[in-house]
Every structure is written in C-alpha cells, then in structure tokens.
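S.K.: For reference, Swiss-Prot lists these features for the protein:
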BINDING   Gly34, Gly35, Asn36, Gly37, Ala38, Gly39, Lys40, Ser41  ATP binding site
COILED    326-418  coiled coil
COILED    444-480  coiled coil
COILED    509-603  coiled coil
COILED    835-923  coiled coil
COILED    977-1115  coiled coil
COILED    1209-1266  coiled coil
REGION    666-783  region 'Flexible hinge'
Amino acid sequence: MIERGKFRSLTLINWNGFFARTFDLDELVTTLSGGNGAGKSTTMAAFVTALIPDLTLLHFRNTTEAGATSGSRDKGLHGKLKAGVCYSMLDTINSRHQRVVVGVRLQQVAGRDRKVDIKPFAIQGLPMSVQPTQLVTETLNERQARVLPLNELKDKLEAMEGVQFKQFNSITDYHSLMFDLGIIARRLRSASDRSKFYRLIEASLYGGISSAITRSLRDYLLPENSGVRKAFQDMEAALRENRMTLEAIRVTQSDRDLFKHLISEATNYVAADYMRHANERRVHLDKALEFRRELHTSRQQLAAEQYKHVDMARELAEHNGAEGDLEADYQAASDHLNLVQTALRQQEKIERYEADLDELQIRLEEQNEVVAEAIERQEENEARAEAAELEVDELKSQLADYQQALDVQQTRAIQYNQAIAALNRAKELCHLPDLTADSAAEWLETFQAKELEATEKMLSLEQKMSMAQTAHSQFEQAYQLVVAINGPLARNEAWDVARELLREGVDQRHLAEQVQPLRMRLSELEQRLREQQEAERLLADFCKRQGKNFDIDELEALHQELEARIASLSDSVSNAREERMALRQEQEQLQSRIQSLMQRAPVWLAAQNSLNQLSEQCGEEFTSSQDVTEYLQQLLEREREAIVERDEVGARKNAVDEEIERLSQPGGSEDQRLNALAERFGGVLLSEIYDDVSLEDAPYFSALYGPSRHAIVVPDLSQVTEHLEGLTDCPEDLYLIEGDPQSFDDSVFSVDELEKAVVVKIADRQWRYSRFPEVPLFGRAARESRIESLHAEREVLSERFATLSFDVQKTQRLHQAFSRFIGSHLAVAFESDPEAEIRQLNSRRVELERALSNHENDNQQQRIQFEQAKEGVTALNRILPRLNLLADDSLADRVDEIRERLDEAQEAARFVQQFGNQLAKLEPIVSVLQSDPEQFEQLKEDYAYSQQMQRDARQQAFALTEVVQRRAHFSYSDSAEMLSGNSDLNEKLRERLEQAEAERTRAREALRGHAAQLSQYNQVLASLKSSYDTKKELLNDLQRELQDIGVRADSGAEERARIRRDELHAQLSNNRSRRNQLEKALTFCEAEMDNLTRKLRKLERDYFEMREQVVTAKAGWCAVMRMVKDNGVERRLHRRELAYLSADDLRSMSDKALGALRLAVADNEHLRDVLRMSEDPKRPERKIQFFVAVYQHLRERIRQDIIRTDDPVEAIEQMEIELSRLTEELTSREQKLAISSRSVANIIRKTIQREQNRIRMLNQGLQNVSFGQVNSVRLNVNVRETHAMLLDVLSEQHEQHQDLFNSNRLTFSEALAKLYQRLNPQIDMGQRTPQTIGEELLDYRNYLEMEVEVNRGSDGWLRAESGALSTGEAIGTGMSILVMVVQSWEDESRRLRGKDISPCRLLFLDEAARLDARSIATLFELCERLQMQLIIAAPENISPEKGTTYKLVRKVFLNTEHVHVVGLRGFAPQLPETLPGTDEAPSQAS
C-alpha cells in the first residue's frame, strides 16, 4: 500500500520571539498550547506563509476579525517578523520517501506601507542528519549566530553533493513542484486555484462553517469536466473552421480570376522592375569599367597636353618678355616722334605770335597818341558846353519871372563881384597885378601859347622816356635769356656768360647733327643682335625638346636624320590604319552576331524555363524531345494507378469515420435505440454502469458479459414485460438484466477466469467461453483508447488520401504542362544555348577592344614621334640660316660702343632742343648786355617835372579864360539904371537867350560827337591792349611748353623719329604674330586641357558616382537578393527572358502592371498600402515586399488544408479541381461533426449521475461524525428546475427547436443559450453573450445545487448555518466539510499525479478549546482514519495523552522577547476500537 506523505517539521528563523525554532510535527495531531500572545498564531502563520507565499491572499487576523474585508495594513505578516532576513521552512517526506524542504525567505521592506518581500525556494536530496536550522544559520560563538542570506544559502547548498536548490520567481512554479512531489493535494494552476486553497486553509485555521466555501461548494467538490467541455469546444471549433473553410472556398472560387490576375500582374510589376534593376546593375558595372578606362586614357592625354603646354608657355613667356621691351621701345619712339612733331608745331606758333606782337606794339603806340589828343579836346568841349548851359539857364530864369529878373539884377551885382574875384585870382595865378578885364583876352593868348609849349615839351620827354624804356627792355630780355640758360648770375657777368653759351651752343649743334647716323647704325646692330639672340633661343629650345645638347656643326647632319625618320614613321602610320580597319570590321561582325543571338535568347529562355519547370515537377532530366514524349506516356500510366489507390484509401477512411461515430455515442451505446429503450424501461445501460471501468479491466468485463454487454439493467423485470409486447424498434437481440443500477455488481454470473479468457456458466447445461478481445470496447476508457487509435489511423488515412489526391492532381497538371510544352517550346528547347555563345562572343569582343586600345596607344606614340620629328625639322629650318650670326661673338661689344656715342649725341640734341630758341634770340641782342642804361631814372624825373609845369600852365590859362568869360559881368555896374527900362531889358534877355541856346546846342553836338569818337578810340585801344596781352601770354606759354618738351625741332628730327618708330613697329608686329600663334596654340592647348580636365572631372565624378551607385546598388541589391532568397521567390522574379528587353520596355511593362494592380487591390487596405510604398523608385526592396505580401495574401486566402502547396501559382492551377472536391468533403464532415441535442442531454445527465454517486460515497464517510448535538453531516445535491427542464427538452422535444441547432449562423453553444432563453424568458441574462451562456450550460456543475445539512438533535436534518449551531458544532461541521473537500481534490488530481504518490493531508484549528472532549476525540479519530495531520492551538493542552504538545511561553529579557517552547509526546495507549460507525471509513475514503 502506498504510504501517505507527511510534514515532518516547521522551522521559523528570525520571527518575532523565534530566532531559530523547529517544531517537529506529529503524524496526527500537533497541539500548540499557551496563553494569549504566546506565539501560537505566529507559528501557524509561518506554516501558512510557507504553504501559500502569495501576498495578495495572506491576511492573518484574530477571530474577532473573521469575515472582515479589511484589517491592518500589513495583513498581519509584517509585525510577526524581525528586522533582517527571515525564513519559514517545511520539512516533508513524500510517498517515495524523498525528503523535500520547501520554504520562503521573508524580509521587511522599509517604508510606511509595511511591505514584506517573499522569495520561495525548495531543497531536494538533503540528508536526514541535516537539520533545517543548520542550513540557514551560521554559529559565530557559543551565544551568537547569524542568519544566512538567500544567496549564501544557495552557495552553501550547491557545495553539498547531491543537494538541489531551486529558487522560484513564480508562485505557480513553486506550487507545481509541491504538487508533483505530493506536498499539496491539488495542482494550483492559477490565482483562482490558489485563492480556493487559501480560503480552505483560512476556514480550517479560524474554524466554523466558512460561507466562502459553502457558497461555492460546486467549485470545491465537483471536478471540472474539462474533457466534455473540450470536446464541445473542439467540435465547435472544428465546425467553425469547417464553415470558415467552406466560406473561404466559396470566396476563393469567386476570386479565382482575381487571383490569377493579381499574381500575373504582380509578377509582371515586380519581375520587370527586378530584371530592370538587374540589367541596370550590369549596365552600371559596364559603365563604371568604361569610365575607369576612359579616366585612365584621359589622364594620359592630360599629362601629354600639360607637357606640351609647359613648353609653349615657356616660349610664350619669352616672347611676352621680348614684346614688352619692344612695346616700350616702340612706345618711346612713337612718343619721341610725337614730341618732335609737337615741337615743330610749337616753333611755328611762336614765330607767328612774335610777328603779330611786333605789329600790335606799333598799332598800340599810335592809338595811345590819338586817345590823348581826343581826351584834351573832350575836356575843352565839356567846359564850353557847361558855360553855355549855365548861360541858357540864367536867361531862362530871368525871362520866367520879372521879379526874378530883379533878383537877377541883384544876382548880377553878385556876379559882378564874382567877376572881380575871378580877375583878382587870375592876377594872382598869372602874377599880373595890372591885369584888367579888357587885357585879359590878350594875356589869355599868351598863356595859351605857354600852355602849348609846356605840352609839347612834356610830349617830347614822353617820347624820350619811351625810347629809354625800350632800350631797358632789350637789356632785361637778354639778361633773362642768359639766366634761363645758365641759371642766376650778376648783371655785370651777363656779357661773358652769354658769349660762352653761344660758343657752347655751336659745339652742341655739331654733336646733335650726328644723332641720326648713330641711331641708324645702332638700329642695324641691335637688329643683328636680336637675330643672334633669337637663333640662340631657338637652338636652346631645340636642344631642350630633343633632350640633348648639339653643337653648331652637328645641326645639318641631324636635319637629314630627322627627315629620314619622318619618312619611316609616315609609312608606319599608314600600315596601322589598315590594321585598325580590319579589327573594327571583325568587331562589327561580332556585334551583329551578338544582336541576332540576343533576339533568339528570350524564346530559348522561355522554352528552358518551361522545360526546367517540368524537370522540377517530375524530377527527371530531358535531353531530347523523345525523352519528353516517353515520359508523357509514363505519366498517363501513373495517373491511372494513383486514382485507383486514392479510391481505396477513401473507402477505408469512410469506414473508420463510421466506427468513430459509433464509438462516440454517449454511454457506450453503439445503437441509439438502446438509449431510448433504457429511458422507456426506467433502466440503465450496462455499458453506462461500467463506464468508469479501467482500461486494464476492460478486456475482462467485455469477455465476462459477452454479447450481453449492451444489456439494459432494470430494477424489476416484471415491470418491463408489458413494454416488450409489440416492440419492433429495437436490435435483433435485446438483453435485460435485473439489478440495482446504483449498486450493481457482477455476481449474477458464475465465472472461471482462464489465461486471457473466461468461462461463464450461464446455466447448469450452458456455458460460454469468451476470450479477452484484442481491442476491448467495454468502458469509457477502452472506447476512448480505441477512438484515439482510430483517430490516429484516420489522420494517417486522411493524410494519405490528401497525398494521393494531390498526386493525381499533380499528375494531371503535369500532363497539361507537358502538352503545352510540346505545342509551344519543343521545337527550340533542345537547341544550343545562345547565352553561352553570347558570352564567348563577348569575350572575343573584349579581346578585340583591348587589341584596338593597344593599337591606338601604339599609333598615338608613333604620331607623337612623327610630330616631334616634324617640329625638329621646322626648328632646324629656322636655325640653319642663322649659323653665321651664332658664330659672331663681338656683335654685343659693338652695340654697346655705338649706344654710348648715341647717348652723348642725344644729350647734345636735347641741349640744343631745350635752349636753341633762347640762344637764337640771345645772339642778335647780346651786344646790349655790354652797358646798363642807368640815366633812365633821371629821364623819368624830368618827365614828371614837365607834367607839373604843363598842369600849372593849364590852370593859368583856365583862370584867364574865366575872366574873359565873365567879361560881361563887369558891365553889371549899371544894373540900377536898367531897372527903369525893364521892357528893353526883357527884349535883350530874349535875344541873349536865343544866342545862348544856339551856342549851347553847338557845344552839345560838338561834345557828343567828340565823346563818341573818344569812346571808339578807347575801345580800339583796349582791344589792342587785350590782344597784345593775350598774345604775349600765349607766346610765353608756347615758349615754356617748348622748353618743357625738351626736343630739338630741326628739319630732320621728324624723319629720323618716324624711321625708328617704323622699324620698332615691324619688329613688334613680327613678335606679336609669333606670340599670337603661340597664344592661339596655347589657348587651343589650354582649351584642350580644360576640356580634358572637365572631361576628367566629369569622368571622375561619373566614375565615383557610378561606383558609389554600384556600391549602393550592390548593398540594396544584396538586400533585395537576400529578401528574394529568404522568401523563395527568385524563380518567379528572375525571368531571364526579360533581361533582353530595354529599360523603357521594362518600365512600361511595370507601369502597365502597376495600373492594373491599383485597380486589383483597391479594396484591400493592406495590399494597397504596401503597393503605394513599393512605388518609391529608390527602394526596390519594397516591390519585393509587395510581391511577398501578395504571395502571403494568396497563401492566406488559399488555405493549406485546401491546397497543399506553398506556391500560390501552383495553388491557382490546382484550385479549379480541388475546390469542388473539398466542398463535398467538408459538407459531409460538417454533418459528421454535428452532435445531436439528445446526445448532449445524455452526456450531461450521465455526468450528473456520476458526480451524485461520488458525493453519495463521500457522505457515507461523514454519516457517523458527531459534534455536540450534531449526529451526522451530509451534502445534498439537486438538479435545478430550469436546467432540468432544458435537459428534458433537449432529449424529448428537440424536434421543435431544430431551427436553432440546424442554423449555420449559430454555433451549438449559441443555439443552446437561445433555447435556454426561450424556455426561461423570465430570467435576466444581463450583458453576457449567447456564446458565454451556452458554454456555461455545457458545464454540468451549473445544473447542480449543493448545500451542507446536519442531523442535529430533535430538529432532524437541517441546513448547516453558523446561526443554528454552537461554536463547537460549527467548528466540527466546518472541519468535516474541509476534510471532504481535501479528499475530493485528491480523487480529482489522482490522474494528474504519479500513481506512486499519496499527497500530504494537513489542516489547522485555532482556539480549539471551544470544543468539548468528545468533539476533540472525534477530531483525533477523524485524523487517524483519514491519515490526516492536524495542528491545533489552545490556551492549555486539551488532550495531553495523544499526539504531540508544545507549551509556548513568551518571555521578555533585557528588552528582548523570546518564546520558551517545551514539547511533550502523547503517552496514552492505542484505542482498542474506533469510534462508532467508522469502521468502514478508511476503505471508503481510500
């Protein structure tokens, strides 16, 4: 017999009051006694924590908190621990005698939440001699020890041989190990299972009837019929999948054309782009190689051009330097010519202006005299006109007013006085005291003559003054000329210096006359010198180009050698041209052949693709058209054989399906009529009674009952007789057995068991021998075993049938493919490979291109040598005529000598040119420098004295003139007499007025005419002075300009300057012509270099871009290729025939396919998005992703259970035939999968009956349990009325509700829920879906109601409630219920655990002192009978004679709490007999 596992001990480490304490647990009852706060609850809490380390469930409270929903924040665990590492460990030994230590490491977490950290662990293989406290503590000294952390504990255990340490991160894993090793009774898979286990332990700990358990007894006691539910779920899943597959088939049938279109267009879209990129990659590689070759060639050309450019640039620099000198000389010669011409023009202007000045000087002197005379006459006329005007005014005034006339007389008297005053002034000025008015006229003539004499004398002195001034001016002019030529000097030295300057001027003129001959001689020598230098330069350049120095004597021989080389190179170039033409002709022929092969290649590739596909499909290699036709005949024969085998397998599969359906009938009935007869007779099928028989016993019982194993067991045969009359709907042989279905046994037969057989003695004269069947079908286990084997066989047959069907279809498809191949490609498929020939021709073409390139290089070198030879000959042609110049060494010295002489002559010419005019002017007037006219000042004084005398004479004459004019006023002495004769006076006044006016008019006209004449004279004088001053100033400016020019303006200077300029111009023109030639050549060379540089840069840029593009494309292409190979679509995309299309054709093909695809995937969001992303030309891998997505989409649409292939293209080819076959097969399968409502009702009823029988067996173990007034405890199981009605309708009236169960839109669960709602419209289903309700209705537990009843005193059987029982009675009743639950769990889990393990049983009971002695004894007896361990706690030892008792006393020493523990084993002898009514309990419990 299997021994039950036991808990050996409980170890607490570092708990409150327990530092390191191990409690050895009794095999039955362990009692913890002690006062309040002694540590009993802490000990039990440690046990529970090690058993269920789930902080979400643990809540340790005292009995006053029982049933409360909230408690202290730490759930009672934090306060029971000490600071630091704590342990709680359970030492167990299981049925296999394996020692297992399980436990938890606990540690308080700092914080106000008072949390605790828990780590579960397990130790296996620990020797019995090692105590748990030794593992987790380390002794420091005699009175100190240290608790080991978990990692040190792990290291310590790993060091021990044979010991296994496991730390768990999941409570599920921890409980799974405990279940497998037999420590707990049930596998706790989820938090819900742990919660049930904890509620059971909690109910046991605190005692009483737990409402949490009694309310959900179904979950605790009734096992979940997962097999039935899974069967229904599998059936519904199969039906759902079947219907979905049928729907998919219908959709696939409707989308078949779309599939073809989609795969065709997707292949065209992606393959065209794929091959275009492949072609572009090859083209880019070819371009990159071509760019690299061109780059190398261009670099060589650029280097040659650079060498050529350097040579020409050097020569151009030399010519530029020479041109600069020539330009400077030419510019100087031109400037000199311009200066000479300007000086000549200036000299002509000076001579012309000097003549004009002499003429103006004469005219100016004459005009001065005329103006002086006119001024004198003007003054006289002004005096006369003024006197006449005064006279007229007086007379007019007198005539105007007579009174005024009187006044005039008075005035005349005044005038008389004035006349007397004037006479006196004249006497004084003229020094004539005897002067009278009458003699004044005579004296006036005398003094006028005197005035005229003084005027003549003044004019004579003025003329002398002018002549002296002229002499003084000539001296100053000559003196200034000498100062201008020689510089400042004394006036007395002017004569000597002037003579010296005149002699020096003669010498300088003689030297200046030699300038032109010297200049001509120098020009001739300089020309020869330049030719000599040019010849030397040409020779040096030639030597540099030839890379060797040559003597003058070697040049003629070298000239002949170069001409011979030119002739030979010309012949070589001509021969190379003919060879190049031959190579190019061969290249063109190769190109033409390649083009023709490329046109034939796509047709051949298409034939090869078709041939390769056929070879891949059939696994054969075809070398000729005869092989193809022969294989086609073999294919037809194979197709016929496969069809025959497929039909045979299909028949066997149908037979297996029928047997599975027959064995799957509920209750083991192979005939549905037996179930109806059993219900009609009120009996039970014998197969249902033995439905739980084990697989090992099935052969025995099958042979025992033989043909009667399908009998119906009825309580009374006599009551069945009336039903047998007229019974027709039944099997041919119907067996009826009388017996109690609840307690039926096999005692109805007399049986002798033999080896694999039985002999059944039916009667004294009738025996039956039956062998054990090889495949027993009696009992659920046997049927399930047989069904399982049949399912396996059916799977094999289905797979074989599908394989054969696929082979048939494959063969048919191959036949069609061969037919198409023969019709389309057989003529060209076995021809030679055009691509291989193309590769050979391309290799030859590359060789030709390389030969052409080498030939071009050689020809280029010969051309360069030819050009170099021609340049050498040209250079020698220029050098050879100048050999005599190259031999003249004294030419440079002669040039220097002539240049020095020319410098002296030019210096003399510059002196003559600068001072020639001054010397010419000085030469005629040099004699005036001999004496200096000093009397000029005395003459100026005499002239001033004569002017004063002339003014005095003029005043005297004027005074006498005034006396003469006032001569009439002397007659005013008789003005008194004239007053009496006023009339006569008036006439006289009128006459006098007329005379006076006539005189005034004459005076005015004379004054006006003379004033106009004077004005004209003054204007002429001013004009002459202005002209004279202007021309004088211009003459001075011209003389200064001529001096500034510094050029001698002789007659031959202009001609010499012009000749020199023309010579330099000719030299400059020649130099410029050569320079222009060099510049053009250099510009052409630079342009060629620029073109080569730009070409080189472009080539470098193109090469690097192309290289980068190739590298980038390579990375992208590698990604594309990797994606293509990973997804296995290379065969579809790498269409070699597309490689011969142009990029535009491929792009057009891809664009057309893209347009068609946009329409095709318009309704598919995923494909539409992927297609839109694939349109990016920079991301070719996205097109592959689209193609893969299309394939994946097709794979999803064409399911593998319909079409067994991974290739959608092949699937489309198969689809036409396969879909119709699958439609028929799936339709029949759906009919087979569907389960009837009556079968469901029978299954649920049988399950309910089985569980009722099991509960009844459990009740038998509790019938004699008594606590106080409670005499017995039992579980009452009833079927709910609403659910019972549902079962009745399912079994009897299901035809009325076939609209629900035959609907394709509803699953069976949904139809069951709809039926339940139809039968119970008053029940509110809430928010639950029909599927959820239907799944609940398929669980038999929802059909049952369970409650606990007690037989208490006189009340009889009543519902067990805490309010109707005492505390002790409630504790005992609750403990009984818990024992029942534990036993039920063990029964349920027996099939999940090993057969050799019986799990530990342990419950708790706190505050057990509330039970009386009889109840305590009952508990002890219950533990002994059920082999259960019990831990109880009480203030005192309630039964010291049994079990093991621990006395706990909490003590405080030096602020440290410590629980003192004393253990005591029971000393009572074994009871002589068990409790009344419990003798059969162990057998029943087991």
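Glycine is no exception: its Cβ is also placed from the backbone N, Cα and C atoms.
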S.K.: Within the region 'Flexible hinge' (666-783), count helix residues (DSSP H, G, I), strand residues (E, B) and coil residues, in that order.
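M.R.: Its residues fall into 44 helix, 26 strand, 48 coil.
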S.K.: Gly34, Gly35, Gly37, Gly39: which of these binding-site residues has the highest Cβ count within 10 Å of its own Cβ?
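M.R.: Output for this query is Gly39.
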S.K.: Please determine which of the binding-site residues listed here (Asn36, Ala38, Lys40, Ser41) has the lowest count of neighbouring CB atoms within 10 Å.
M.R.: Asn36
S.K.: Write out, in the order they occur in the sequence, the residues of the chain not among Gly34, Gly35, Asn36, Gly37, Ala38, Gly39, Lys40, Ser41 that have a C-beta within 8 Å of the mean position of the C-beta atoms of the recorded ATP site.
M.R.: Ala1433, Leu1448, Arg1450
S.K.: Reduced to three states, what secondary structure does DSSP give Ser41 (ATP binding site)?
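M.R.: Once the DSSP labels are grouped into three classes, Ser41 (ATP binding site) ends up as helix.
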